[in-house]
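Annotated Mn(2+) 2 binding site per Swiss-Prot: Lys274, Asp279, Asp297, Glu358, in sequence order. What Swiss-Prot lists as Mn(2+) 1 binding site is Asp279, Asp356, Glu358. If you look up Swiss-Prot, you'll see Lys286, Arg360 marked as active site, on the strength of sequence analysis.
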Amino acid sequence: MDFSIKGCDWSKGTANGFLTGKSDCIVLGVFEAQTLSGAALDIDEATKGLVSRVIKAGDIDGKLGKTLFLHEVSGIGASRVLLVGLGRQDAFSQKAYGDAAKVAWRALLGTKVVQVTFTLAQLPVPERASDWGVRAAILALRNETYKFTQMKSKPDAGAPALKRVVFSVDPADDKAAKVAAKQAVALANGMDLTRDLGNLPGNVCTPTYLANTAKKIAKDWGLKVDVLGLKQIQALKMGSFLSVAKGSVEPPQFIVLQYRGAAAKAAPVVLVGKGITFDSGGISLKPGEGMDEMKYDMCGAGSVLGTMRAVAEMGLKVNVVAIVPTCENMPAGNANKPGDIVTSMKGLTIEVLNTDAEGRLILCDALTYAERFKPAAVIDVATLTGACIIALGHHNTGLFSKDDALAGELLDASREAGDPAWRLPLDDEYQDQLKSNFADLANIGGRPAGSVTAACFLSRFAENYPWAHLDIAGTAWKSGAAKGATGRPVPLLAQFLIDRAGA
């Protein structure tokens, strides 16, 4: 799909190109109380009051989410007009804009429209310019067009008719909007990769499959990749990671993918993604109901790989390293048992009180490995705890960090990207719950504050650099009728790196 940007100041008579230019449809916004947006006023004048007459007749009331097509419109180059309800003008918000864009795309995708002129990006969204509107609209469109049909014998209907979108933006935002469009496409491509990896079944998306995906990203975008196999992992003495992997016939992989966009001496940001490609719980077996969704336990890895693809396509001037420890967590005669004690790469011994708290066991060795890159910051991403879902539900990703500056950057990025996160505590007092009579620490701390104690566990292996942990258990995928991976938190991570790169 092709996206282009054209500057237009509707209030100053510079809209002739939009009024006369050939297009299958032009999208206009209508507020409640029959108030037209700037673009709609110009179109109304060019069509001799058609838009006003339709509104006056009550065919559309401007309520948010309502749409109306006008066909065979004369006086303009577009053959039809799509009116989109925006709600109350004094309550118009970023969310309202996103909802309006979403319903507009849904309406258009149900037609044979090939080329559309989209004017909503110029709507007066508080604290936002039209370049933000372009990015949000492209992401909304790509979200609407995403389908996962790879595993069906007869894939669903093909690509939508819509092929080209022309965005009208404020002339002062023209350059920024072009950058925003490029970034939005790259971000959507990264999110689609993340969703595809998450939606694939565990018998397809194995640790080896993830490793091959990383190799393909490296080949396509000129990145450096190293994939460590069993013997190399053993040589590094990653006993914690290996204790989880040993119960599966699928060989573990330790993926290191490097993007160099800045000076060689510039310290990289390291992203660590949990890559449990299927989590049965091990000997501490999960209930059968809903276990199919444990294919999503690699969404941390998927989001890190998706972010790397997006960053490479954007060409950001920043160095980024992705580390993905990946394996399955399965019950077997040689699998971890409750009460087993394993030795991590750092040398700390861990009492495995619950084999279903395995994500932290593979991440801790990856966090130790990350030290060799002398990182500017390390962010691990994991579907780590059900407790985070109880605490935050499915809207906010859980954010943990003792570094206020890093936490602030991530929260700012989450707001800018529309990929919300919420900071949770990481007080030292919670560490007491991880005490063990027989090892340096236990892998669980009981039911109270389960997401916090999981983060506390990881913090013991991330003491030598600025570190943050993102618990995406509630945000990486959806259940029910809309079941599927969401692609989060790729927008948050990408925005964080955009900000770091100063792009």
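For all residues, glycine too, the Cβ spot is worked out from N, Cα and C.
Everything Swiss-Prot records as a feature, shown here on the structure.
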residue	record	Cβ within 10 Å
Lys274	Mn(2+) 2 binding site	29
Asp279	Mn(2+) 2 binding site	24
Lys286	active site	15
Asp297	Mn(2+) 2 binding site	27
Asp356	Mn(2+) 1 binding site	20
Glu358	Mn(2+) 2 binding site	30
Arg360	active site	27
### Candidates Lys274, Asp297, Glu358, Arg360, namely the recorded positions, that fall within 10 Å of Lys286 (active site) by Cα distance
none
#### Entry: Candidate nearest Arg360 (active site) in space, where candidates are the binding-site residues Lys274, Asp279, Asp297 and distance is Cα-Cα
Lys274
### Message
Between C-alpha atoms, which of these binding-site residues comes nearest to Asp356 (Mn(2+) 1 binding site): Lys274, Asp279, Asp297?
### Response
Asp279
### Other same-chain residues whose Cβ falls within 8 Å of the Cβ centroid of Asp279, Asp356, Glu358, the recorded Mn(2+) 1 site, in sequence order
Val244, Ile276, Ser280, Gly281, Gly282, Ser284, Lys286, Met294, Asp297, Asn329, Thr355, Ala357, Gly359
### Query
Other residues with Cβ within 8 Å of the Cβ centroid of Lys274, Asp279, Asp297, Glu358 at the Mn(2+) 2 site?
Gly275, Ile276, Met294, Met298, Asn329, Gly359, Ile362, Ala382, Thr383
## Note on the structure
By a three-class reduction of DSSP, Arg360 (active site) is assigned helix
